[in-house]
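Novice: Handing you this structure, nothing more for now.
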Amino acid sequence: MKVEEILEKALELVIPDEEEVRKGREAEEELRRRLDELGVEYVFVGSYARNTWLKGSLEIDVFLLFPEEFSKEELRERGLEIGKAVLDSYEIRYAEHPYVHGVVKGVEVDVVPCYKLKEPKNIKSAVDRTPFHHKWLEGRIKGKENEVRLLKGFLKANGIYGAEYKVRGFSGYLCELLIVFYGSFLETVKNARRWTRRTVIDVAKGEVRKGEEFFVVDPVDEKRNVAANLSLDNLARFVHLCREFMEAPSLGFFKPKHPLEIEPERLRKIVEERGTAVFAVKFRKPDIVDDNLYPQLERASRKIFEFLERENFMPLRSAFKASEEFCYLLFECQIKEISRVFRRMGPQFEDERNVKKFLSRNRAFRPFIENGRWWAFEMRKFTTPEEGVRSYASTHWHTLGKNVGESIREYFEIISGEKLFKEPVTAELCEMMGVKD
């Protein structure tokens, strides 16, 4: 099948059907009516306003525009008051400042307060940029809406769509800028094959250059990197996917990949064959939003991984997972058990003062000289990675992220073997260990 034929079929997966479009229009009309009754100044922004939303992902974003003279407290209070008044049902959510998420005629809606500014350089918070983003894109994206949908669908099917910390992928705004810059999905994919970690894409100037990091210049604020939340690994995944797609295009690139789930018995055999120590730190999930939770999980995972390296347990990889009730930090180590004794390096024999200090310590075994340097046998506090992590998490919980650390301090357990394989982490374990279908 030719690329063009594949993309035609892919469009069926990403373009909303007539019913979804009708539902959106009805909700928009009702929302406009309610806002107009309140005499509020507002603007519809985002993928719905620009007709670039993905099939099945209908959500309306409306920004309330307040005068610059309003204090942040006035903006917050008035924004919440209006949001509550115009939605059928609602909940308060938090970004840089609170906003209202809810439903109008069965469609999800975000009502976000911001300042009405003349210039983007005068922004007081990140959301103040959004109306400028919409204004810049509105005319330029016309006629390319489905190209945006193809790119979003391609990214979503491969797990790298969304700038939130849980994903650290491509934002919707970034997708639209790439389509404006390259002109189509296919041209974006062709060119992305040559991206590097130092590629700079300046959309407003229409140029690609080399810089210090992967940087997509915001046409509204040239100092801002639209790709700042995109992780290096997800950039690499996208480049690889683009190369694969151009070598052997197929509709499969637009179909969601289901996480590999295998039976505990098969997982047990895989771990046995690998001869490694596989275990998890399990603790209660802190009651915080994902964008605060996931950076802390990443930090905790990294800190424990570094500890395992220092203690010579030779960790291979780590992963983490948050379920409804619990969080899991997953690790695989090459060393299942290490000797109790190890050798500690001391000073060279010429260093009299430090030699004296080194030899004065009370040890179970005699120190010795090797290649002109003093060495000593010392005893480890723990001989398995599980013992080590139990000790480290108990004493260093305060280094593992504010909320995650507190949760670990209150309760945690180290689980492995059959108990671990019965927890809802099999997909993450398979990914961590590179298990094939």
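Yeah, the Cβs are placed from backbone N, Cα and C, and that goes for glycine too.
The shown structure was predicted, so the numbers you read here are calculated from the model rather than taken from an experiment.
Below, the features straight out of Swiss-Prot:
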- Ser47, Arg50, His133, Lys152, Tyr161: ATP binding site (BINDING)
- Ser47, Arg50, His133, Lys152, Tyr161: CTP binding site (BINDING)
- Glu59, Asp61, Asp110: Mg(2+) binding site (BINDING)
Novice: Out of Ser47, Arg50, His133, Lys152, Tyr161, which of these binding-site residues is nearest Asp61 (Mg(2+) binding site) by C-alpha distance?
Specialist: Ser47
Novice: Round to a whole number and give the Cα-to-Cα distance in Å for the pair Arg50 (ATP binding site) and Glu59 (Mg(2+) binding site).
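Specialist: Their Cα atoms are separated by 12 Å.
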Novice: Once the DSSP letters are reduced so that anything not helix or strand counts as coil, what is Arg50 (ATP binding site)?
Specialist: coil
Novice: Where among the binding-site residues Glu59, Asp61 do you find the Cβ with the fewest other Cβ atoms within 10 Å?
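Specialist: Per-residue Cβ counts within 10 Å for the binding-site residues Glu59, Asp61 bottom out at Glu59.
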Novice: The record names Ser47, Arg50, His133, Lys152, Tyr161 as the residues that bind ATP; what is their largest Cα to Cα distance in Å?
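Specialist: Between the most distant Cα atoms of the ATP site, 19 Å.
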Novice: For Tyr161 (ATP binding site), what is the tally of other C-beta atoms lying within 10 angstroms of its C-beta?
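Specialist: If we count other Cβ atoms within 10 Å of Tyr161 (ATP binding site), we arrive at 22.
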Novice: Would you count the other CB atoms within 10 A of the CB of Ser47 (ATP binding site), including those on all shown protein chains?
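Specialist: Summing over all protein chains shown, Ser47 (ATP binding site) has 22 other Cβ atoms within 10 Å.
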